[in-house]
Amino acid sequence: MHLIVGLGNPGSQYELTYHNIGFIIVDAICKHWNFQSFSKKADCLITSSVINDNKIMLMKPYSFMNNSGIPVARIRNFYKFSLDNVIVIHDDADLEPGRIKIKKGGGSAGHNGLKSIDSSIGNDYWRLRFGIGRSDSQRSLADYVLSKFSNLDDVIPLVERIAQNIHLMLQGNNIAFTNSIV
């Protein structure tokens with residue numbers, strides 16, 4: 001069984017912001033693969049189903065980004081997920097917009113959601129990094145990641161391709177997955 005965690009912040013004011021790309025992608029996976037609606041469990045939303053014979057749980061922590069590790073640890077421990085079967089989807093300001101990278105383990109690169117998860121479960125889990133780039137204005141990174149996508153029409157097809165092809169990543173075929181996205 002795999003746990004796919006989409007990082008983001010709860011609340012309508014954060015919908016469609018760069019920092020909420022994890023929520024956006026998890027919602028797209030849920031829709032594409034016909035999962036049931038999310039249900040609230042303490043400080044997160046979860047749903048589960050099967051994708052190509054792989055049992056999957058989708059999760060959206062509702063504790064705000066900087067405290068994501070607490071609900072992730074709670075769900076991981078309760079359902080006994082191996083770190084090899086945990087995938088965290090998050091925004092990455094160090095990648096150009098629309099670029100994705102898959103990585104296992106490593107540091108947080110200053111991402112507070114990853115810092116929280118690392119401190120709660122360690123850092124040897126899979127990450128699907130979604131490039132959002134950086135603002136070309138004088139705006140701070142914190143203000144930028146909490147702003148709405150300026151290029152949503154470009155982002156939605158990419159999000160849909162990720163959802164359609166996530167089964168390749170679940171099978172460990174990261175190269176085919178990445179190639180199907182670009």
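Residue 1 is the first one shown; counting continues down the chain.
Keep in mind that glycine also has a Cβ here, set from the backbone N, Cα and C atoms.
Swiss-Prot annotations:
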type	residues	note
ACT_SITE	H19	active site, proton acceptor
BINDING	Y14, F64, N66, N112	tRNA binding site
SITE	N9	site 'Discriminates between blocked and unblocked aminoacyl-tRNA'
SITE	D91	site 'Stabilizes the basic form of H active site to accept a proton'
Among N9, H19, D91, which are recorded as recorded positions, the nearest neighbour of F64 (tRNA binding site) by Cα: N9
Rounded inter-Cα distance in Å - N112 (tRNA binding site), H19 (active site, proton acceptor): 11
Cβ within 8 Å of the mean position of the Cβ atoms of Y14, F64, N66, N112: remaining residues of the chain near tRNA: N9, H19, M65, N67, S68, G113
Residue pair N9 (site 'Discriminates between blocked and unblocked aminoacyl-tRNA'), N66 (tRNA binding site) - Cα distance, angstrom, rounded: 9
Cα-nearest neighbour of D91 (site 'Stabilizes the basic form of H active site to accept a proton') within the listed recorded positions, Y14, H19, N66: H19
For D91 (site 'Stabilizes the basic form of H active site to accept a proton'), the number of other Cβ atoms found within 10 Å of its own Cβ: 23
Under 8 Å by Cβ from Y14 (tRNA binding site), counting only residues of that chain that are 6 or more apart: G8, N20, L146
Cβ-Cβ distance under 8 Å to N66 (tRNA binding site), same chain, at least six residues away: N112, G113, K115, S116
H19 (active site, proton acceptor) in three-state DSSP notation: helix
Assigned element (helix, strand, coil) containing F64 (tRNA binding site), judged by DSSP: coil
CB within-chain contacts under 8 A for the residue listed as 'active site, proton acceptor', separation at least 6: L7, G8, N9, M65, D91, V145, L146
Site of maximum Cβ density within 10 Å, from recorded positions N9, N112: N9
Most distant Cα pair in Å, residues Y14, F64, N66, N112 binding tRNA: 16
Three-class DSSP secondary structure - N112 (tRNA binding site): helix
